[in-house]
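The 4-amino-2-methyl-5-(diphosphooxymethyl)pyrimidine binding site annotation in TrEMBL covers Gln35, Leu36, Arg37, Leu38, Lys39, Asn67, Thr106, Lys136. Feature annotation from TrEMBL assigns Mg(2+) binding site to Asp68, Asp87. Feature annotation from TrEMBL assigns domain 'Thiamine phosphate synthase/TenI' to 10-192.
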Amino acid sequence: MMKSSRIHYITQDMPNKTHQQLALEACQAGVNLVQLRLKEKEKGEMLKIALETQKICKQFKAKLVINDHLDLALAIDADGVHLGNDDLDHEIARTEFGKNKIIGATAYTETEALYHQQRGIADYMGLGTFRKTRTKPEIRNFLSLQQIKSLIDQQKQLDHHPIPLLVIGGVKISDIKPLLSAGVYGIAIASLINESEDKKSIYRTIQNIFQESGIDLNN
Ligand SMILES: Cc1ncc(COP(=O)(O)OP(=O)(O)O)c(N)n1
Ligand SMILES: Cc1ncsc1CCOP(=O)(O)O
Ligand SMILES: [Mg+2]
């Protein structure tokens, strides 16, 4: 299994910034994994954005995960791909992408999480959504802290290695400590960073919360 970062930073469509600019600013703030989340762009445009984003990530030694598109991840030899439940099957992706690449799954319910856990193909699961979010407004299913805790307990009872859980969806600074106390591996965030006036400071705050919770982000 490929080790996944505990803080996934996700780009998003924004009116005044390109995905490349967002990735650059996030890398300058210190993120070490960028998920490129492109929606409704044609293939050629996506390839150009992905290559430029990859160049930025390499400069900062950050990993690049492509959302939705295994073909694009293969074309640029990205570090990983994130595939949700309506995207390509993880087993096919693993065969085509290889065992040393990061493959992420999404779980919006406990049942989905246990399904991915049982399959044991994904390197991490994006678990959510935690709160309502403008970044993905169509999602209406929310997982409470209690539900997340119960899922972690169930994972622990299984005899195989628990797949790391990254909570996603409207995650705010004040959510991080309780989520980590509940036992989640990390968080996946878009607007918390993308809409921040001071990305370095917000990222440092996030890192400090992990540290105060006894988690070494370099390990
Ligand atoms: C880390 C992480 N977790 C979940 C998602 C959501 O994936 P998906 O359900 O396929 O939805 P889209 O992001 O494709 O709209 C994610 N991207 N990243
Ligand atoms: C991609 C995605 N999938 C579930 S919620 C979400 C959006 C996360 O973005 P934000 O951190 O801005 O809520
Ligand atoms: Mg998807």
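Cβ coordinates come from backbone N, Cα and C, glycine included.
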Other CB atoms within 10 A, centred on Leu38 (4-amino-2-methyl-5-(diphosphooxymethyl)pyrimidine binding site): 19
Number of other Cβ atoms within 10 Å of the Cβ of Asp87 (Mg(2+) binding site) across all protein chains: 16
Cβ neighbour count within 10 Å of Leu36 (4-amino-2-methyl-5-(diphosphooxymethyl)pyrimidine binding site): 27
Close-lying binding-site residues around ligand 2 among Gln35, Leu36, Leu38, Asn67, Asp87, Lys136, where CB distance stays under 6 Å: Lys136
Binding-site residues clustered about Asp68 (Mg(2+) binding site) [Cα within 10 Å; pool: Leu36, Arg37, Leu38, Lys39, Thr106, Lys136]: Leu36, Arg37, Leu38, Lys39
Binding-site residues whose CB lies under 6 angstroms from ligand 1, from Leu36, Leu38, Lys39, Asn67: Asn67
Binding-site residues close to ligand 3 - of Arg37, Asp68, Asp87, only those whose C-beta is under 6 Å away: Asp68, Asp87
Neighbour-count leader, CB within 10 A, binding-site residues: Arg37, Lys39: Arg37
Inter-residue Cα distance where the pair is Asp87 (Mg(2+) binding site) and Asn67 (4-amino-2-methyl-5-(diphosphooxymethyl)pyrimidine binding site), in Å: 9
Spatial separation of Asp87 (Mg(2+) binding site) from Arg37 (4-amino-2-methyl-5-(diphosphooxymethyl)pyrimidine binding site) - C-alpha basis, Å: 13
Three-state secondary structure, which DSSP defines for Asn67 (4-amino-2-methyl-5-(diphosphooxymethyl)pyrimidine binding site): strand
Spatial separation of Asp87 (Mg(2+) binding site) from Leu36 (4-amino-2-methyl-5-(diphosphooxymethyl)pyrimidine binding site) - C-alpha basis, Å: 15
Arithmetic mean of per-residue pLDDT over the domain 'Thiamine phosphate synthase/TenI' (10-192): 96
